[in-house]
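According to TrEMBL, the protein has these features:
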type: DOMAIN; residues: 30-275; note: domain 'Aspartate/glutamate/uridylate kinase'
type: SITE; residues: LYS34; note: site 'Transition state stabilizer'
type: BINDING; residues: GLY69, GLY70, ARG91, ASN196; note: substrate binding site
type: SITE; residues: LYS256; note: site 'Transition state stabilizer'
Amino acid sequence: MSEASKSEAYDQARLLSEALPYMQRYEGRTVVVKYGGHAMGDQHLATAFARDIALLKQSGVNPIVVHGGGPQIGGMLEKMGIVSEFKGGLRVTDRKTVEVVEMVLAGSINKEIVALINAQGEWAIGLCGKDGNMVFAEKLKRTVVDPDSNIEKVVDLGFVGEPVEVDRTLLDLLARSEMIPVIAPVAPGRDGETYNINADTFAGAIAGALEAKRLLFLTDVSGVLDKSGKLIDELTVAEARALIADGTISGGMIPKVETCIEAVERGVESVVIVDGKAPHSVLLELFTVHGAGTRIRPDGAPERTT
Ligand SMILES: Nc1ncnc2c1ncn2[C@@H]1O[C@H](COP(=O)(O)OP(=O)(O)O)[C@@H](O)[C@H]1O
Ligand SMILES: CC(=O)N[C@@H](CCC(=O)OP(=O)(O)O)C(=O)O
């Protein structure tokens, strides 16, 4: 063995020995990873993501992937000449749009992720809220206060839903199997309609129902940034709320942080927003002393020690 390869082998062994105690901490526990549409970069990055998920399963963790695909839906709508608009980070979804949303999310993107994980020697299975009656949604009721009249107005977002029932039967079954669930955020309503659900909200509902140990959000920024663009390592729930109120957190980061707040309040031990464009950010967050991105913790909870 050359000196260079010997030193590389020592480096690998050292990294593994550092990671092992963290791996043991997650053994048999559920980790929900939300894979955002903006985090899905090139083939190289997507393969690194699939390797991380495969490695989690091989380490005895129960990984569940919930994915988005906002930019990809946008691309398809544009090709089809359908105009799309966002309000408060959510896509206004009419009947034609919800058909495209289901086609892109539960169809092409879902199967692409499944295939990438399977190429790593694992058994991924592609699902959406409809499968196994996993998630039922209701039309999202969103209101805003008109600043001039101070009157509360209902904002109609069409077929945008919020998860109201999560049945964990299928996911519990899969946790005891070799399968890795990959879930698209589309769900039926008891009214027979199909609803488009923000993928962050959907991931939060799944993590809450499964009492997950960790919920990770993979996005295209290093975490929550302050007004000067600097990464914030940790935020308490109260601090996160204040950053939404003063406009530091805006756009698609709003549903993400709101979901983080709800998830920690529902007992998910730790919720972290990390940069999905940094290769192996999932492993870095879970299995190293440094962690990555922004962790949202309950008010009064101790600061990050791992
Ligand atoms: N304070 C903030 N810190 C970081 N990103 C922010 C902040 N406020 C708004 N954003 C925006 O939120 C985006 C991430 O949300 P989104 O586009 O919905 O990602 P994803 O597709 O991963 O869910 C970032 O790319 C950034 O433009
Ligand atoms: C209601 C709503 O906005 N739904 C989202 C669902 C996909 C999503 O959330 O994807 P990202 O995680 O990539 O943003 C949409 O239609 O874009």
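Keep in mind that glycine also has a Cβ here, set from the backbone N, Cα and C atoms.
Any TrEMBL annotation is an automated prediction that lacks curation.
Sequence features annotated in TrEMBL and their locations in the structure.
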| residue | record | CB count, 10 Å |
| --- | --- | --- |
| LYS34 | site 'Transition state stabilizer' | 30 |
| GLY69 | substrate binding site | 27 |
| GLY70 | substrate binding site | 20 |
| ARG91 | substrate binding site | 21 |
| ASN196 | substrate binding site | 27 |
| LYS256 | site 'Transition state stabilizer' | 27 |
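Excluding the listed site residues GLY69, GLY70, ARG91, ASN196, the same chain places GLY37, GLY68, ILE73, GLY74, THR93, VAL101, VAL104, LEU105, PRO185, ASN198, ALA199 with Cβ atoms within 8 Å of the centre of the substrate site Cβ atoms. Taking CA atoms as the reference points, ASN196 (substrate binding site) and LYS256 (site 'Transition state stabilizer') are 16 Å apart. Listed binding-site residues: GLY70, ARG91, ASN196. Those with a CB atom under 6 Å from ligand 1: GLY70. According to DSSP, GLY70 (substrate binding site) sits within a helical segment. Put simply, the two farthest-apart Cα atoms among GLY69, GLY70, ARG91, ASN196, the recorded binders of substrate, are 12 Å from each other. Cα of LYS34 (site 'Transition state stabilizer') to Cα of GLY70 (substrate binding site): a span of 13 Å. For the recorded site, LYS34 (site 'Transition state stabilizer'), the DSSP three-state label reads strand. The average pLDDT the prediction assigns to the domain 'Aspartate/glutamate/uridylate kinase' (30-275) is 94. Under the three-state DSSP scheme, LYS256 (site 'Transition state stabilizer') falls in the helix class.
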